[in-house]
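Q: Dumping the structure here so I can ask a few things about it.
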Amino acid sequence: MNFTPFFLSLKIAGSATVIVLILGTILARVIARNRFPGKRIIESILLLPIVLPPTVVGFGLLYLFGKNGPIGSFLLQWIDYQIVFTWTGAVIAAIVVSFPLMYQSASAAFQTYDRNVENAAYTMGASKLKVFWTISFPLAWPGLLAGLILTFSRALGEFGATLMVAGYIPNQTETIPLAIYFAVESGNTETAIFWVVSMVIIGFSAMLWLNWWSGRNILRFTSEN
Amino acid sequence: MLSVSIQKQLKNYSLEIHFNVNEEIIALFGPSGAGKTTILNCIAGLAHPDQGLIQLENRTFYETKKKPVPIQKRNIGYLFQDYALFPHMTVQKNISYGMKDAHLTEQLIDTVAIRHLLDRYPNQISGGEKQRVALVRALATKPDALLLDEPFSALDQDTRVECQNELLRLHELWKIPMILVTHDLKEANKLADRILKIDKGKSL
């Protein structure tokens, strides 16, 4: 049994999740809280990957990052690096596809508490950074964590866009979803079943934990003891 | 002395107000939506007027066409209507968040008798207790002025009287400009040295 797909999937989904957590939290904090012209258009663009077929996202990324694409040719020319057909490509696909989940969770999370709590901290002389780390972030954390789990699960299961951008290169871009598809394709049912069961167990655990966690957090600030 | 002279266009009317506060308690009295909270927000720096001048002693917080002094640098205490305690921190942590003088804070804690609450979370204490904690938290930063937005409106009659007396006592000790927003004339009469009646953004 070759376990490379497992470690590769963890590496790709893990990297994507870290980047999405940072990007999603910052953008949600900046965009969701403020009013400015074009806000709805920007938010729609950010959320677009939720409604688009992954192949469309993959095609778009392939265009952007391909050898002749605007970003791809730039990277190739300046740092001699090609993103398509590498695990970095798979990370980018996972980022784009899972970002909307984090963004939605984070924008909701930053609206779950009274804004005056932050204002009170400002009047006490706290800097913006201090208020973010000591007030906004801890209060939004339950929602951010929920977004984090959804992001990781989505990134782990990403198939369509990954296949288009990173292709199927055994031991290099062969994530679990790709391994399942190509195992079935080549009649290797046992391997396919092994990975399918693994994915179900991971996904179920994530969901179970998420449900338990959100239930616990509803109680957190309301319980009398 | 805190001097406020501001103009700000709000949704349905224009807020235009001019007043000075010495080391006294002034009540801004008027119906809901009269612009009272907006005035406090402008003084604290949470909102900015369209034009005017806000000064405390010799410091200018706001002046037309100049960059306003940010909230953090104004050193103005603000007691919010819903107290805005940090729900994820104990009373102790809430109070020490912006604390400038530990000795003074200890005194304040005893003055308003909340020492037994220090290890509790805001959701574990009553409305009156929250009010006291918020007051101590605001004063622990040694503010140069204190703004109070309907601080007693959520309390029952007995607790309200108690907290009002406490505020008067603290003001005796502190002698800083305090601005109290209220729509309760009795409260305004009891607490304030002067009452500023406000309706639709203008003082009457």
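Each residue, glycine too, has its Cβ placed from N, Cα and C.
Per TrEMBL, the features are:
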{"type": "DOMAIN", "residues": "A:6-208", "note": "domain 'ABC transmembrane type-1'"}
{"type": "TRANSMEM", "residues": "A:12-32", "note": "transmembrane segment"}
{"type": "TRANSMEM", "residues": "A:44-65", "note": "transmembrane segment"}
{"type": "TRANSMEM", "residues": "A:85-110", "note": "transmembrane segment"}
{"type": "TRANSMEM", "residues": "A:131-152", "note": "transmembrane segment"}
{"type": "TRANSMEM", "residues": "A:192-213", "note": "transmembrane segment"}
Q: Is it true that the transmembrane segment (A:131-152) and the transmembrane segment (A:12-32) have 3 or more Cβ pairs under 8 Å, skipping pairs fewer than 6 apart in sequence?
A: yes
Q: Give residue numbers and ranges for long-range contacts of the transmembrane segment (A:44-65): same chain, 6 or more residues beyond its ends, CB-CB under 8 A.
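A: Cβ under 8 Å, 6 or more out: 27, 31, 71-72, 75, 83-84, 89, 92-93, 96-97, 99-101, 103-104, 158-165.
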Q: Report, as numbers and ranges, every residue of the chain located at least six residues beyond the transmembrane segment (A:85-110) whose Cβ falls under 8 Å of a Cβ in that stretch; write 'none' if there are none.
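A: Those are 8, 11-13, 15-17, 19-21, 23-25, 27-29, 31-33, 46-50, 54, 57-58, 61, 65, 136, 140-144, 146-148, 150-152, 154-155, 158, 161-162, 164-167, 169, 172-173, 175, in sequence order.
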